[in-house]
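Remarks on the structure that follows.
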Amino acid sequence: MSRRPCSCALRPPRCSCSASPSAVTAAGRPRPSDSCKEESSTLSVKMKCDFNCNHVHSGLKLVKPDDIGRLVSYTPAYLEGSCKDCIKDYERLSCIGSPIVSPRIVQLETESKRLHNKENQHVQQTLNSTNEIEALETSRLYEDSGYSSFSLQSGLSEHEEGSLLEENFGDSLQSCLLQIQSPDQYPNKNLLPVLHFEKVVCSTLKKNAKRNPKVDREMLKEIIARGNFRLQNIIGRKMGLECVDILSELFRRGLRHVLATILAQLSDMDLINVSKVSTTWKKILEDDKGAFQLYSKAIQRVTENNNKFSPHASTREYVMFRTPLASVQKSAAQTSLKKDAQTKLSNQGDQKGSTYSRHNEFSEVAKTLKKNESLKACIRCNSPAKYDCYLQRATCKREGCGFDYCTKCLCNYHTTKDCSDGKLLKASCKIGPLPGTKKSKKNLRRL
């Protein structure tokens with residue numbers, strides 16, 4: 001029997017493993033010998049190797065250098081039993097520094113880092129655009145004054161510059177005011193009013209400097225008029241002054257909660273004193289409801305106490321000179337006080353008895369005198385009598401006498417009639433001329 005090579009239905013690709021001849025059976029078909037069995041096993045291994053190699057090369061991934069040493073000495077389970085050439089290729093790639101990782105490991109790593117990679121790509125794309133980078137820079141608080149672009153000159157005419165300035169100023173001012181009105185969109189919420197105003201003005205000037213390098217003061221006034229920058233709350237204007245009205249300054253700035261805290265610490269009498277300082281302080285007191293209620297109650301209580309303890313609450317206080325109605329008020333007041341003074345004198349005379357002298361009697365009456373009154377001796381009993389020089393009236397204070405007379409005519413006191421009908425009081429001695437007059441000088445010359 002002649003020997004011929006084994007013929008299979010599927011001829012595998014050429015491999016490094018050589019096929020050995022096989023014997024032919026009695027039926028005319030070749031008997032699979034040991035070499036043929038080895039060939040078939042090699043074929044299956046080769047096919048598996050080709051499949052696995054292609055799958056691995058389709059999913060290559062570079063690993064960090066720290067993991068190279070660990071992966072060089074490691075042979076994956078799917079390469080066991082494969083051909084020597086594939087194992088050599090695997091070892092060669094691992095020595096270069098780009099080891100092959102299992103497809104399962106590659107799939108797990110890509111799934112775990114997929115979200116992170118997308119975020120990085122999104123951030124990188126946003127940072128690549130110059131417009132968004134400039135917007136990100138302007139959102140931070142830089143110390144740029146806004147005048148750095150004034151050196152840029154443009155060849156535009158004055159008419160074009162004016163029209164472009166108006167359009168650009170309207171857009172920039174509207175965007176700045178939108179940032180002011182919507183605090184959620186404004187990045188720096190904790191800016192002081194001065195820094196806030198500085199940022200808006202500088203950004204507006206920086207945008208308009210390319211069109212017109214000149215500073216337009218009308219534009220600044222319009223920014224101040226449109227935007228609510230709270231510049232009235234700026235502190236430091238009164239620094240260095242000796243006297244500062246703190247309450248008035250707080251009232252002008254609208255800090256009513258601070259004023260309410262201050263007024264709550266004051267007592268009712270202190271609130272009365274606050275109202276007497278100035279009209280502004282009284283307005284501050286009237287603006288606070290709680291403090292004003294306490295103040296009004298204190299005023300009512302003080303007035304009631306004054307009316308209760310004042311001996312002359314029914315009339316006005318006595319003064320030296322009054323209007324023509326003073327005589328009527330005097331007569332009304334004297335009738336009410338006449339009985340009280342007489343009872344006091346009688347009680348004092350009974351207590352002291354014989355030791356009560358004339359001097360003590362006059363001194364006791366003198367304690368009850370008013371500002372425009374004086375003491376005189378009664379024309380009937382020589383007892384102390386009160387004398388009013390404005391009314392020309394004297395009243396005896398002795399209980400047994402009580403004579404009320406006119407000092408001009410020495411008659412009973414008359415309020416409506418004149419003293420012309422009665423006899424006038426004649427002086428007991430003639431009064432000489434006043435010193436320094438012509439008559440006194442003549443008398444001196446005669447002497």
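Just so it is clear, glycine is given a Cβ too, placed from its N, Cα and C backbone atoms.
Look at Swiss-Prot and you will find S94, S102 tagged as phosphoserine. Among the features that Swiss-Prot reports, region 'Interaction with EVI5' is placed at 135-244. The domain 'F-box' annotation in Swiss-Prot covers 250-296. Annotated region 'Sufficient for interaction with RPS6KA2' per Swiss-Prot: 261-339, in sequence order. Positions annotated as region 'Requires for efficient binding to CDC20' by Swiss-Prot: 261-409. Feature annotation from Swiss-Prot assigns region 'Inhibits APC ubiquitin ligase activity' to 305-447; the stated evidence is experimental evidence. If you look up Swiss-Prot, you'll see 337-358 marked as region 'Disordered'. The feature compositional bias 'Polar residues' is assigned by Swiss-Prot to 343-357. According to Swiss-Prot, the zinc finger annotation covers 374-422. The Zn(2+) 1 binding site annotation in Swiss-Prot covers C378, C381, C396, C401 and rests on sequence analysis. According to Swiss-Prot, the feature Zn(2+) 2 binding site maps to C406, C409, H414, C419. Per Swiss-Prot, the feature region 'Sufficient to suppress UBE2S activity' maps to 437-447.
Overlay of Swiss-Prot feature records on the structure.
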residue	record	DSSP class
C378	Zn(2+) 1 binding site	coil
C396	Zn(2+) 1 binding site	strand
C401	Zn(2+) 1 binding site	coil
C406	Zn(2+) 2 binding site	strand
H414	Zn(2+) 2 binding site	coil
C419	Zn(2+) 2 binding site	coil
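Residues in the region 'Sufficient to suppress UBE2S activity' (437-447) partition by DSSP class (helix H, G, I; strand E, B; coil) as 9 helix, 0 strand, 2 coil. Remark: secondary structure over the domain 'F-box' (250-296) totals 37 helix, 0 strand, 10 coil, with classes taken from DSSP. In the predicted structure, the region 'Inhibits APC ubiquitin ligase activity' (305-447) carries a mean pLDDT of 68. In this structure, the CA atom of C419 (Zn(2+) 2 binding site) is 19 Å away from the CA atom of C378 (Zn(2+) 1 binding site). Highlighted in sequence order, I379, R380, N382, S383, A385, K397, R398, G400, G402, F403 have their Cβ within 8 Å of the centre of the Cβ atoms of C378, C381, C396, C401, the residues recorded for Zn(2+) 1, and are not part of that set.
Between C401 (Zn(2+) 1 binding site) and H414 (Zn(2+) 2 binding site), the C-alpha separation comes to 18 Å. The binding-site residues recorded for this entry are C378, C381, C396, and the Cα of C378 lies nearest to that of C409 (Zn(2+) 2 binding site).
For C401 (Zn(2+) 1 binding site), other Cβ atoms within 10 Å of its Cβ number 15. Long-range Cβ proximity for C396 (Zn(2+) 1 binding site), meaning a same-chain Cβ under 8 A and a gap of 6 or more residues, is found for C378, R380, C381, S383, P384, A385, G402, F403, D404. Sorted by the number of other CB atoms within 10 A, the binding-site residues C378, C381, C406 start with C381, the lowest.
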